[in-house]
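*Asks:* Got these off TrEMBL a minute ago, pasting:
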type     : residues : note
COMPBIAS : 12-21    : compositional bias 'Low complexity'
COMPBIAS : 217-252  : compositional bias 'Low complexity'
DOMAIN   : 28-147   : domain 'Thiamine pyrophosphate enzyme N-terminal TPP-binding'
DOMAIN   : 482-610  : domain 'Thiamine pyrophosphate enzyme TPP-binding'
REGION   : 1-21     : region 'Disordered'
REGION   : 216-254  : region 'Disordered'
Amino acid sequence: MSATTDPAGTGPLRSPESAPAPPSLLAARAIVSALIRAGVRQVVLAPGSRSAPLVPALTAAERDGALRVRVVLDERTAGFVALGCARAELLSGSRRPAAVVTTSGTAVANLHPAVAEADAAGVPLMLVTADRPHEAVGTGANQTTEQTRIFGAGPRTVIDLPADITADLGESAGTCALAGQVRRAVDAATGALTNDPGPVQLNVRFRPPLALEIGGTSASPTDAATPAPDPVADVPASLRLPPRGTAPAAGARPRRRAERGIVIAGDSVDASGRYARALAEYLDWPLLAEPTSGARGGPQALTRYAELLRSRRGTQLAQRVERVVVTGHPSLTRPISALLARSDLRIDALTSTARWTDVAGAVASVLPLRAVAAVPPARGDMATVGTDTAVPPPPAELAAALELGPGPRGWTGRWRAAVAALPAADAPPTAGTLTADAAVTAVWDAGREALEDAPLLVVGSSMTIRRLDRLAAPARGPAPAAIANRGLAGIDGTLATALGVAVTAGPVRVVVGDLAFLHDAMSLSRGHLEAEPDLQVVVIDDGGGAIFSTLEYPHVIPPADFTRYFSTPQATDPGTLAAALGATVHRPADLDALRELLAEPVRGLSVIHVHA
């Protein structure tokens with residue numbers, strides 16, 4: 001029997017001999033089809049009843065190879081997994097959003113931490129939140145609340161889709177209306193018109209029935225929505241990151257007068273750190289690059305720069321600085337924040353979106369990287385992220401646009417000498433001793449030394465990334481691709497974010513402290529039918545919140561109170577918990593054993609429990 005085809009192009013909707021599909025399923029099919037057409041390829045689903053109409057459409061689309069679905073038990077984890085999927089897309093040069101699907105009620109509220117991080121970090125994230133029809137709101141109906149205001153100012157836009165729109169307008173008009181709203185939502189998430197990517201809520205109201213009646217048929221939402229192959233070359237133009245630059249324009253030259261400048265590269269979700277590195281090398285300026293900036297490499301990059309700025313010699317050097325160029329979101333250290341708050345410096349910001357970091361209001365000018373002459377990003381995969389195989393950024397054009405002059409002779413050398421003169425950070429451990437610093441350094445070095453074959457690195461946002469910032473040696477070549485949730489710098493959701501990166505981009509190594517691990521350990525659980533991720537978790541078990549010991553609190557609070565209220569050591573053993581969740585657990589006895597584990601490929605789910 002031939003099928004009846006929807007004039008809007010969503011494919012066959014029903015067989016003439018079958019019962020008609022209810023409006024909820026017609027709407028769900030149209031929404032999933034529109035998401036696919038708009039470029040969405042990764043969907044994370046938390047189980048629920050009100051979102052049930054979306055399941056047949058998602059199942060059919062996954063069967064057709066149009067997208068991948070990951071089922072996650074709880075919504076808080078699901079939000080961060082989707083965030084990780086979107087972060088992986090950004091690393092590959094695409095603003096292709098990931099979607100997370102939930103049922104109604106508190107399920108939606110549990111997405112808020114991931115929404116807040118996506119908002120602050122500028123990560124395109126589609127929140128497809130199922131809801132009750134309008135007439136149920138405010139009546140005491142089960143699992144019903146005001147969902148469209150639940151995330152406050154976080155979403156770039158909130159689109160509230162009424163129930164039964166395909167019945168009210170007819171299938172063709174209703175499907176077209178839904179597709180148009182989904183397109184608007186995706187454009188808002190990717191910043192296609194605003195250059196301000198971030199989370200978007202698509203609140204979808206479903207009225208029962210929520211499933212096919214007996215005899216109904218489920219058509220694929222991809223009958224007319226064939227997915228484009230990955231990765232960047234086939235990403236819709238509106239989903240692409242600002243393109244990388246070509247060779248300098250004719251006549252573009254930096255100012256001739258030598259200038260004492262520095263480049264500061266903060267956490268970045270895209271390739272803007274490469275501009276920072278290229279500019280620092282072009283001008284021969286020192287580069288102060290956070291580990292997740294994508295710029296931590298090359299001869300200009302310094303280690304221990306925060307310690308240097310606290311020292312007498314570093315203070316003297318900083319007082320001589322005339323110009324500062326900043327990219328990304330630098331937020332790891334107080335000395336950098338203080339430097340960026342100085343009113344006696346000329347501070348310029350480079351940004352690839354509509355947002356830039358300027359906490360103190362001291363930035364004098366903002367240069368959008370889209371304004372630089374450029375070509376589309378090169379086709380590539382995650383193995384080439386941060387490498388020099390793509391078209392290099394145009395440092396001469398940037399220098400000319402900002403009227404920057406090269407550093408005077410010996411300027412960067414004086415900074416390097418000052419770093420070399422710093423006292424040893426710690427007493428050197430005996431050979432093979434497994435300290436927290438040694439473990440974090442080993443993780444970084446494993447990726448730095450085997451860049452092309454190394455797993456992607458996800459880093460906890462508290463003490464772990466600060467250890468890396470202090471100790472991680474700059475790469476001689478391309479900087480390792482590293483991710484941290486530094487938009488709001490919470491430790492929650494780190495493992496879930498790493499899982500999202502792993503299911504999108506391949507093997508991932510995530511390094512966290514014991515509290516960050518325990519906070520998010522249940523994200524390692526999975527359904528029997530979900531594929532095991534290639535995810536390795538390195539837990540630095542240093543007995544609680546080590547970051548607080550670096551602040552003023554231990555000096556003003558009695559030791560017992562400090563331990564109880566700040567360090568908060570836990571009674572749970574991370575390795576035992578990991579084993580209960582199905583992970584292979586390793587407990588290296590010394591540094592050599594850890595290095596051997598890190599040298600092996602990441603396959604399946606494993607946890608390396610490091611007692612530091």
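Cβ coordinates are placed from backbone N, Cα and C, and glycine is handled just like the others.
TrEMBL annotations: computationally assigned, not manually curated.
Walk me through where these features lie, including what they touch and how far apart they are.
*Replies:* Averaged over the domain 'Thiamine pyrophosphate enzyme N-terminal TPP-binding' (28-147), the predicted model reaches a pLDDT of 94.
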*Asks:* Counting by DSSP, what is the helix, strand and coil composition of the domain 'Thiamine pyrophosphate enzyme TPP-binding' (482-610)?
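*Replies:* Looking at the domain 'Thiamine pyrophosphate enzyme TPP-binding' (482-610) with DSSP, the answer is 57 helix, 24 strand, 48 coil.
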*Asks:* For the domain 'Thiamine pyrophosphate enzyme N-terminal TPP-binding' (28-147), what are the DSSP-based totals of helix, strand and coil residues?
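*Replies:* Tallying H, G and I as helix, E and B as strand, the rest coil: 55 helix, 21 strand, 44 coil.
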